[in-house]
Every structure is written in C-alpha cells, then in structure tokens.
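Okay, so here's the structure we're looking at.
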Amino acid sequence: MKKQRNLRSMAAQAVEQVVEQGQSLSNILPPLQQKVSDKDKALLQELCFGVLRTLSQLDWLINKLMARPMTGKQRTVHYLIMVGLYQLLYTRIPPHAALAETVEGAIAIKRPQLKGLINGVLRQFQRRQEELLAEFNTRDARYLHPSWLLKRLQKAYPEQWQSIAEANNQRPPMWLRINRTHHSRDSWLALLDEAGMKGFPHADYPDAVRLETPAPVHALPGFEDGWVTVQDASAQGCMTWLAPQNGEHILDLCAAPGGKTTHILEVAPEAQVVAVDIDEQRLSRVYDNLKRLGMKATVKQGDGRYPSQWCGEQQFDRILLDAPCSATGVIRRHPDIKWLRRDRDIPELAQLQSEILDAIWPHLKSGGTLVYATCSVLPEENSLQIKAFLQRTADAELCETGTPEQPGKQNQPGAEEGDGFFYAKLIKK
C-alpha cells in the first residue's frame, strides 16, 4: 500500500521544476506517479498539465490577489496557490475539498506557517472571481501563451494565430496506429468494439484510429503483442510522403523514441532500416518499441551533422529526417513547451536543422527521397528552411508538397484533430 501523499504539493513542486529550472514534465512526472496510488495518478497528471496549460492566467490572478510575489524558499507556495486556483477554475473538485487539500499542501512543503495566507488568497479569489475574470478576458494573457510566441504566431499567421493558440490550449485526442502486419484497421476496430471502446478511422491516413475516449494502453486489444501503437495522426502522415518499399535501405534520422522507425517496418517489413539518434538514453525507447512489435532495425547513436562517423559513405534509398525543432505544434500534448522554449531558441534550432540537412543530403542515392518533418508551426523551421535548402542545393527537387515559393505542407494544431506538423518531400535529381 502506497503512502498517502499530498498531490497538490507534488504538482506544485513539479510545475516549479519546469518553470524555474527548465526541466521537462515528461521526465519529472513518471517518477512522481510511481509514488502515488493508481487512482491518484490521473489527478496528479491533470493538475500538472492543467496548471502549465493555463500558467499565464494563474500568474496574472496571483499578481492581482497578492501585494508581493513569493520569492526565494517560499517560491513553491506561489505554485501551490496556482494549483489551488486551477482546481477552483477548471475542475469538478468541490471547492471546499480543493481548498482544504491545497492548504494542507503547505505542511508537505514544510511551510505550515503559510497555511493562513494560502487559504486567504484562495478565498479572496472565490469572492472576486467574476470581476477578476472579466478583466483578465481583456488582456493578451488570455491566450495562455508567452508573448514572444504569440508575436511569432501573429507574424506568421495574421489570420489564423488566434485559432492556433486556441487549439494549443485544448486537451488532445488519443490517436493510435494499427499494425497492418497483424490486423487490418477494420478488424482491429471490431476488437476495440468488443472491448467496450469506440474508435474512428482517419480519412487520409490508413493506419490511424482516434479513440472516442482516451484509455490506458494496457486496455487496448493486443498492445503488449504489438498490434497497436500510440502515435498522433499527423506523425503517421510521414509515411504517406516517405512511401517506404521492401528491399530498400532506409534511414530514420533523429529516430527516438522509435514510433516512425516501427511504422516504416510495418509498411515495408523487408526494408533494411537504420535508426539514428544523438541521445543514447532515448535510444533505449527505440529498442523497447522494436521489441514490443517484434521487429529488427540497426540502431545507432550519432549526430546528424556528422553522418560519416556512423555510416561511413553509405547511401540510402529513402531518408526520414524528423528534425529537432521547437515542438510548437504539439503544445496541446506538452504544455510545458510554452514555458521551456525561448525566442532565442528558434534561430539556433533553424541553424541546427540546416546543418543536418546539408550533412545528410550526400547520403541519399540519386533518385532517392528525403522527407523533412517537424512538429513545429514556425516558418523559420519549416517552409523558410526548405526554401533556403532548395536555393543552395542544385540536385534537390520539391515533390508533391507545396511550391518552390511556399514549399512543404503545414498541418496546424487541431486540423483533423491532429497535431501541428510540417512535411516536405525532396527528390535527389
């Protein structure tokens, strides 16, 4: 039996680590969830994700409710109050329970002397809620994005930026990829129906299914046997453009955690696939995914800027470059991205992408296909990146995705319920 812990204080400390220390919630949350009971795991996740999704609103409210910000060793209390406000605003937790548990969180973070302060701030919000929210809804903070990102979205998409920001603030659906080597999509949907769940096929991507209601993976028919993988529909779109064939030598560059590596092998089981990533730790997930699906690929640790170090002079029939990027297209899945990224990161990422493209291009065979993909919505990483590459690379030709003036295909967050994603298909003359 797991020791009863105060979830509100755990959520506050997790959010503090993201915002103040720049840590990823994906790294922080799983170990915390191991410390709580199964029934509390979902609530802990909801509190962490929810506070990060609405952080700018909660911050604005605290500044209105408190004369002075909490600093130094008391900073965790600031985030604990955020957790309390989030519950009052966005959850069905009865207000008295939300207040009581949040106030008790002060003991867990060793600040019992501040219980009265926390209680007072939250009760003041309850009294002034209508007035405060009316004022908040006139401010830029209502878009729940940092100002630098809003400015970039406004510049790139003068007509769409508000809908993009709104889509980023929604909860994402759960998309699955059916392993066509085991089941047709229709036959797996029948199994899902027998298990008491409902799914909907994607109109364009032949392996994609959206669950009506997200479910734990162990409840999915055949998950442990490799019949199905969790992967957003937009990420599955990479295979439409890559179109891998049996017998080909295919490189999946920046491959971790391996979702696209295994998709290549589902589409072309007899392809010779090399999966490369710079992060040795994340490569363990590539091995895990290959093992669960019963597949084989050559997995290597390597830097995409220096391919000769890990593949010599080898050339490939097809290359999938899922480039390192700002991840501004998947904010709805990872709301911490809004607070981890900085404006200065964008030119640095664009430079890295450019270096990888230039370095890997000589390793594509003549007549071969390279698909450049990101989960970003920013032109500097996408259309402008490919436009510049085409201008400096005489033997590169854009194929099927956009025009030389506006290269690539940009999926916006929420379009057909998928993530924000960019694809450009290039052919080597």
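Using the three backbone atoms N, Cα and C, a Cβ is placed for every residue, glycine included.
Worth saying up front: this structure is predicted, and the values here are computed from it rather than measured.
S-adenosyl-L-methionine binds Cys254, Ala255, Ala256, Pro257, Gly258, Gly259, Lys260, Asp303, Asp322 as Swiss-Prot records it, and from the list Asp277, Asp288, Asp343 the residue named for this site is Asp277. Cα-Cα distance from Ala256 (S-adenosyl-L-methionine binding site) to Cys375 (active site, nucleophile): 14 Å (rounded to the nearest whole number). A Cα-Cα distance of 20 Å separates Asp303 (S-adenosyl-L-methionine binding site) from Cys375 (active site, nucleophile). Note: the Cα of Lys260 (S-adenosyl-L-methionine binding site) and the Cα of Cys375 (active site, nucleophile) are spaced 13 Å from each other. Those residues noted as binding S-adenosyl-L-methionine (Cys254, Ala255, Ala256, Pro257, Gly258, Gly259, Lys260, Asp277, Asp303, Asp322) have their most widely separated CA atoms at a distance of 19 Å.
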